[in-house]
Amino acid sequence: MLDVNFFDELRIGLATAEDIRQWSYGEVKKPETINYRTLKPEKDGLFCEKIFGPTRDWECYCGKYKRVRFKGIICERCGVEVTRAKVRRERMGHIELAAPVTHIWYFKGVPSRLGYLLDLAPKDLEKIIYFAAYVITSVDEEMRHNELSTLEAEMMVERKAVEDQRDADLEARAQKLEADLAELEAEGAKADARRKVRDSGEREMRQIRDRAQRELDRLEDIWNTFTKLAPKQLIVDENLYRELVDRYGEYFTGAMGAESIQKLIENFDIDAEAEQLRDVIRNGKGQKKLRALKRLKVVAAFQQSGNSPMGMVLDAVPVIPPELRPMVQLDGGRFATSDLNDLYRRVINRNNRLKRLIDLGAPEIIVNNEKRMLQESVDALFDNGRRGRPVTGPGNRPLKSLSDLLKGKQGRFRQNLLGKRVDYSGRSVIVVGPQLKLHQCGLPKLMALELFKPFVMKRLVDLNHAQNIKSAKRMVERQRPQVWDVLEEVIAEHPVLLNRAPTLHRLGIQAFEPMLVEGKAIQLHPLVCEAFNADFDGDQMAVHLPLSAEAQAEARILMLSSNNILSPASGRPLAMPRLDMVTGLYYLTTEVEGDKGEYRPAAKDTPEVGVYSSPAEAIMAADRGVLSVRAKIKVRLTQLRPPAEIEAELFGANGWQPGDAWMAETTLGRVLFNELLPVGYPFVNKQMHKKVQASIINDLAERYPMIVVAQTVDKLKDAGFYWATRSGVTVSMADVLVPPRKKEILDQYEERAEKVEKQFQRGALNHDERNEALVEIWKEATDEVGQALREHYPADNPIITIVDSGATGNFTQTRTLAGMKGLVTNPKGEFIPRPVKSSFREGLTVLEYFINTHGARKGLADTALRTADSGYLTRRLVDVSQDVIVREHDCETERGIVVELAERQPDGTLIRDPYIETSAYARTLGTDAVDEAGNVIVARGEDLGDPEIDALLAAGITSVKVRSVLTCTTGTGVCATCYGRSMATGKLVDIGEAVGIVAAQSIGEPGTQLTMRTFHQGGVGEDITGGLPRVQELFEARIPRGKAPIADVTGRVRLEDGERFYKITIVPDDGSEEVVYDKLSKRQRLRVFKHEDGSERVLSDGDHVEVGQQLMEGSADPHEVLRVQGPREVQIHLVREVQEVYRAQGVSIHDKHIEVIVRQMLRRVTIIDSGSTEFLPGSLIDRAEFEAENRRVVAEGGEPAAGRPVLMGITKASLATDSWLSAASFQETTRVLTDAAINCRSDKLNGLKENVIIGKLIPAGTGINRYRNIQVQPTEEARAAAYTIPSYEDQYYSPDFGQATGAAVPLDDYGYSDYR
């Protein structure tokens, strides 16, 4: 087999019969598979050892040669080569066909490639191939022309003869009639009898005339057909064809079936045809030109690729190796076989029968029928079911043909090439491991032993516990005591990868250092659950083992969980306290009025109470039980930095230094909390709501190295769990309090509802108005019950604590639990006007329960649909962006996009832009940011982090120009400077980073949170699409539902208000032609927007509009935006629209991810005029290629091609990629492969997918060429230290991160002192 690292591109083409025979090791002549008695392959059959190789290593069929020493000998008795049995996976055979057949892909695909090449309609082609019509393959024009007059004379003679015969017959009959009539006259017969005789005579004469006329017409038809005879002409009438052959056989040749197609292709002159088509395209119009363009695509493909079109008609069929279509014996003595064997058997049977019929000289009709059946059997083998009814096996199941083996999720591409299974892996249920450090996981001993088996065995031999590998293996299998010690040693410093399906983004696989644990469950650190989206209700996770040194290094440096604290989508920390931890820290930092040991100032006769000289003293007081951690005290601090304002006041310009004392009015809990934060972090004197905790960790991630952040979140986790236990927050029925005012509130609203009902019955309201009124009333009622609930609950109620701390849940859930459920929706998504008045605490009535089930069931169905849709969206996004990789440091472009930082109010104050986090943050500045005085605040090329943005806002700068991937000029991929900071690391993105895939994951991962439904927006007639369908609509560049017109020009609006429609006319400012939009439905309503005077109101007559402005409510069509405003605007429009959907759901994704995808959608140019280039008009060309080709042509003095940018949906863009491997593994596999083969496409292997498919390292990350060539050798010290168990003291974590024991630590054993 050839090594994947020795080639740089992969080409696909058409195989000729010669190629097929060259690959083959012999011809398969018999349909037999294996002998049912001996179970050995039959000679010359589909499993023949002589052709495909021996079934057993180094052993021939007859058993004469058995052993390696005869390697390479071909046995003279049975003809089998002595070699490995594995060659049966790679040796092919072939079947020599008795008659040529066409390849169904090229004839039946849409468009029919054969039809386009030969200029035959697919229907006609089918008639020819399946023996329903003859086709003329060649005509000897010259000979026909020369002898036409002679032939015409002959024809005239023949016609004359027919006419003469007719006249003679008529004459004779007329005379007979006369005689008969005379005879009757003489006999005196009645007039009646005479009339009968006359009628019959005349009828016979009419018949004679008709017969002669038919004969003359036939001759006329034959003659006309012959004079107009041309190649590729179809003759469906068999008699006519026979006559032509009998009379003029030497002037033309004709045939039916694939043979005729083969002859036509042989006589086909590709170059002349291409020239003629180009001529038609230059001068033609309309349909003719379109047809010529389509045909030229196929003809030019053959012309340029040098493929021979003869490859579309096969003289021999290859037989794939037998191990790839195996036959296995089942226990019952029956055999299971691959469908391909059945399909091959049909081909061989029919082929052999055809050979026999031809040898016997059977009549043509029988031979043709057999040829047709052979054609059909080869079609079924290549693509069963493509034409006619599929061939079925037992139980009416269609057989799987070669095409079916490639297609779809279960096909070769997606199942075996992109989704390989890997060795050294295991999976188990996960449980929480609160005692672990952030970079650790608990690995069950048995699983670890199995995973690390080879390492353990080698180490046992090294340490002389075992003599050889075999005995070491036995020791491991019997689990001898010394095995465990060796295992401890082997796993030290060897990271493992944990993965939880579905892996929606890159944090779904992270590396951890394993700790051996008892039991069979993997222990997972609680802080990484967010990234994995894991919980402990029975989730399972898979473990994988990186083997090579490089793999271990990558796992440790790039994938260790403590290095992956930030989300790649938004750049904000994911590893932060949640659930119990939040509650614990919230409890710890709460200040309770009048709690034990509270600070009281000195009075006349009492000293000051609650003042402490140090945190240690306060802890001592707490330990003695005289001070509560939540009581307000005064404490003197020396090791904690005061907040900024106090620091400025107390310590002035020099600032605080460790050891400087200051007094804090706070609680002991808050002091303990602040001691967890890194040294030098300003004191936080607040109650720790989840949001505050998040902002602190955010801040840490911006200011401190990752390792400090990892230590801090770990300390917060420990403290959180400890204090959550201490707080005693539990939920019981007694905690669910129903507000006493509930009944009176509901009675009040019931009265209002009664009134509305009465009005409805009197006819004052119609049905819809009544429903709307009731919905309003009950919404108010629900809110009021919620309000009463809020007031009734005490502050220390556990349920309220959980909600208020931000740990989980929200107030709506509390209201449902204890107040009332409120309004629910029906299956259509409308509110049912009767509310559910009960809370879950009181219990629902039967009717309430029933109406509540609608919404609940719809929710479940919706979630299932959403998950599938969202997964498919992610798959398309990955496919379109998979080859976007950071290729260089800086493309040096001057271009960029302008982002808003703030809005200036009329009074001159700045209001920070709410979306600054996802637009300007983490970008590279494109030009110097200068304030009014001309001072450079931030220089070009700087990274915009939080401090820089604050500096810009302080200087009063409202917008800046930043670099963006939309304007990057790198050819393939993007440059690091245009991309900016990598969200996951907080530093400039590395070269080799696969930013395309990260972008696709960042957009796809929250896809499941988006809603499915389209929602009504304030009485707009058309639904406005939102949620996931809207995101798909945007990325697929579809014309939106409820499309809104946009202004083509800048000018004044003239609005005409009709009965059902608006008509808008724009009078352009530059005096060009007016633009008219009529028939604008009134249901869509006019757009509200900001006017020049700053007011917001609906578009009205006389308003001034800018180019590209939307005129009606709804969504603009991106293709229109592209046409009117150009590529840059449409990119920004798409980014903005996608962000709106995600923001509505509260999902934070950085703009740069969406920009990467949108950039891929606008990569191509459609050619309008080809100039002197090779491009065909109407074809889609990559922009970089288009510009390069134009530069080349202009340099040579030719005409450049003209093109216009085109917006492609992501599916279309994926299929239009230059890599045929990537496109074929995405969708429409057979179509892509057909196309690629005709064009002789070459895959440069630039993207990730194609390299995964052929098994090379991907050209991203450490697989990119500039890193691949680095050589690494371990030093002697490293070799020596390879097996000593290190402690974490000296390297990874600070001293208070001791070695974890792997045993669960009872929380009660923790003293307070651990929190210092």
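Placement of Cβ uses the backbone N, Cα and C atoms for every residue, glycine included.
So that you can see what the record holds, here are the features copied from Swiss-Prot:
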type: BINDING; residues: C60, C62, C75, C78; note: Zn(2+) 1 binding site
type: BINDING; residues: D535, D537, D539; note: Mg(2+) binding site
type: BINDING; residues: C891, C968, C975, C978; note: Zn(2+) 2 binding site
Would you mind reading off the Cα separation of D537 (Mg(2+) binding site) from C60 (Zn(2+) 1 binding site), to the nearest angstrom?
58
Please state whether DSSP places C968 (Zn(2+) 2 binding site) in a helix, a strand or coil.
coil
At 10 angstroms around each C-beta, which of the binding-site residues C62, C75, C891, C968, C975 has the fewest other C-beta atoms nearby?
C62
Just name the most isolated of the binding-site residues D535, D537, D539, going by other Cβ atoms within 10 Å of its Cβ.
D537
Go through C60, C78, our binding-site residues, and report the one whose Cβ sees the most other Cβ atoms within 10 Å.
C60
Calculate the distance in Å between the alpha carbons (Cα) of C978 (Zn(2+) 2 binding site) and D539 (Mg(2+) binding site), and round it to a whole number.
40
Reported as an integer number of Å, what is the Cα distance between D539 (Mg(2+) binding site) and C62 (Zn(2+) 1 binding site)?
55
Measuring Cα to Cα, how far is C891 (Zn(2+) 2 binding site) from D535 (Mg(2+) binding site) in Å?
44
Taking the Cα atoms as reference points, how far is C75 (Zn(2+) 1 binding site) from C975 (Zn(2+) 2 binding site) in Å?
62
Taking 8 Å from the centroid of the Cβ atoms of D535, D537, D539 as the cut-off, which other residues in that chain fall inside it around the Mg(2+) site?
I430, A534, F536, G538
If the Zn(2+) 1 site is taken as the center of the Cβ atoms of C60, C62, C75, C78, which further residues of that chain fall within 8 Å of it by their Cβ?
Y61, G63, K64, Y65, E76, R77, G79, V80
Once the DSSP letters are reduced so that anything not helix or strand counts as coil, what is C891 (Zn(2+) 2 binding site)?
coil
Taking just the CA atoms, what is the gap between C78 (Zn(2+) 1 binding site) and C975 (Zn(2+) 2 binding site) in Å?
63
Of the binding-site residues listed as D535, C968, C975, the one whose CA lies nearest the CA of C62 (Zn(2+) 1 binding site):
D535
Cβ-based neighbourhood (8 Å from the centroid) of the Zn(2+) 2 site, residues C891, C968, C975, C978 excluded:
E888, D890, T893, R963, V965, T967, T969, T970, V974, A976, T977, Y979
